[in-house]
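Here is the structure we will look at, set down as structure tokens.
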Amino acid sequence: MFKGPDKDIEFIYTAPSTAVCGRLLDTGGKKEYLIAGKSEGNGKMHITLCDLVSTWDSLSPTQKKSLNQRYQMGCECKISRCLSIPCFVSSSDECLWTDWAMEKNNVDGRQAKHYACIKRSDGSCAWYRGMAPPKQEFLDIEDP
């Protein structure tokens, strides 16, 4: 648990199908998930299609590292979605998220996978590249 209630989440509730905004999860215990949802504080959590739910294995190394080290540096920043080009920030405390516009409606694109919006020492916010994505030719190699 990275951030959340003091006690463990014992139950996660969702609607029975995606047609009514439910999430489909592997309940066989073989997959680990990163889940952001609404906690009721009594060991119960509710999730919908609008909540962040990703398998742990699908997260990039930058995303995993940023959970512990970088994302908290951007809590005072605002991420603004760019739905079509051109788009602009309206203040220095914004980071412009362009994955949707630049990668054909992809919410899990290069920017989301490899960058974190953080507050700089001058008070402005900017995208920070945590670590380089793996090279394509090494994607089929198993981790050591």
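Heads up, the Cβ atoms here are built off N, Cα and C, so glycines get one too.
Of the listed cysteines (CYS82, CYS95), only CYS82 is recorded by TrEMBL as the disulfide partner of CYS87. In the disulfide annotation of TrEMBL, CYS117 is paired with CYS95 out of the candidates CYS75, CYS95. Using a 10 Å Cα-Cα cut-off from CYS117 (disulfide bond), the disulfide-bonded residues that qualify among CYS77, CYS82, CYS87, CYS125 are CYS77, CYS125. With respect to their backbone Cα atoms, CYS87 (disulfide bond) and CYS95 (disulfide bond) stand 11 Å from each other. Remark: CYS95 (disulfide bond) has GLY74, CYS77, LYS78, ILE79, SER80, VAL89, CYS117, CYS125, ALA126, TRP127 as non-local neighbours, by Cβ distance under 8 Å and separation of at least 6 in sequence.
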